Amino acid sequence: SLFELGKMILQETGKNPAKSYGAYGCNCGVLGRGQPKDATDRCCYVHKCCYKKLTGCDPKKDRYSYSWKDKTIVCGENNPCLKELCECDKAVAICLRENLGTYNKKYRYHLKPFCKKADPC
């Protein structure tokens, strides 16, 4: 769910997920879509593509379990869809951490109408 995703992003990046990524670039946030603006925005694009592959669960609502061991996210689910959902969220959180150097405040509240159509997943 969005709750676990936000928690993972906070743990990995140290940033407030809603404030820092809720409307970042063309792809971060609920309404995001379009050609990525930078590596940070590309993380969100790849995350949306990961969600599109899920069948049998709702990425925004369905809760899953994970643990934070030695600064590492460990997904722990028996349900295959929830396990994949957790892995999608884990991947974006790690990607955002790895690309903290590309984070650009000018894209924090980027207006989505200015986004060009992105390549399909």
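Cβ coordinates are placed from backbone N, Cα and C, and glycine is handled just like the others.
Among the features that Swiss-Prot reports, site 'Cationic membrane-docking site (MDoS)' is placed at Asn16, Lys19. For Cys26-Cys115, Cys28-Cys44, Cys43-Cys95, Cys49-Cys121, Cys50-Cys88, Cys57-Cys81, Cys75-Cys86, the entry in Swiss-Prot reads disulfide bond, with the evidence type experimental evidence. Residues annotated as region 'Important for membrane-damaging activities in eukaryotes and bacteria' in Swiss-Prot: 105-117. The site 'Hydrophobic membrane-disruption site (MDiS)' feature in Swiss-Prot is assigned to Leu111, Phe114.
Swiss-Prot feature annotations superimposed on the structure.
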residue : record                                             : Cβ contacts under 8 Å, 6 or more apart
Asn16   : site 'Cationic membrane-docking site (MDoS)'       : Leu10
Cys26   : disulfide bond                                     : Gly32, Arg33, Gly34, Gln35, Pro36, Lys37, Asp41, Tyr45, His110, Lys112, Cys115, Lys116, Ala118
Cys43   : disulfide bond                                     : Cys28, Val92, Cys95, Leu96, Asn99
Cys44   : disulfide bond                                     : Tyr21, Tyr24, Gly25, Asn27, Cys28, Gly29, Gly32, Pro36, Val92
Cys49   : disulfide bond                                     : Cys121
Cys50   : disulfide bond                                     : Glu84, Glu87, Cys88, Ala91, Val92
Cys57   : disulfide bond                                     : Asn79, Cys81, Leu82, Leu85
Phe114  : site 'Hydrophobic membrane-disruption site (MDiS)' : none
Determine the minimum-neighbour residue: among Cys75, Leu111, listed as recorded positions, which Cβ has the fewest other Cβ atoms within 10 angstroms? Leu111
Listed disulfide-bonded residues (Cys28, Cys81, Cys95, Cys115, Cys121), ranked by Cβ neighbours within 10 Å, top entry: Cys28
With H, G and I counted as helix, E and B as strand and the rest as coil, say where DSSP puts Lys19 (site 'Cationic membrane-docking site (MDoS)'). helix
Helix, strand or coil at Leu111 (site 'Hydrophobic membrane-disruption site (MDiS)'), per DSSP? coil
Cα nearest Lys19 (site 'Cationic membrane-docking site (MDoS)') among recorded positions (Cys75, Cys86, Leu111) -> Leu111
Measuring Cα to Cα, tell me the gap between Cys75 (disulfide bond) and Leu111 (site 'Hydrophobic membrane-disruption site (MDiS)') in whole angstrom. 34
Tell me whether Cys95 (disulfide bond) sits in a helix, a strand or coil according to DSSP. helix
Reduced DSSP assignment, Cys86 (disulfide bond): helix
Spatial neighbours of Cys86 (disulfide bond) that are distant in sequence (at least 6 apart) but have CB under 8 A: Glu4, Tyr64, Ser65, Tyr66, Cys75, Gly76, Glu77
Assigned element (helix, strand, coil) containing Cys75 (disulfide bond), judged by DSSP: strand
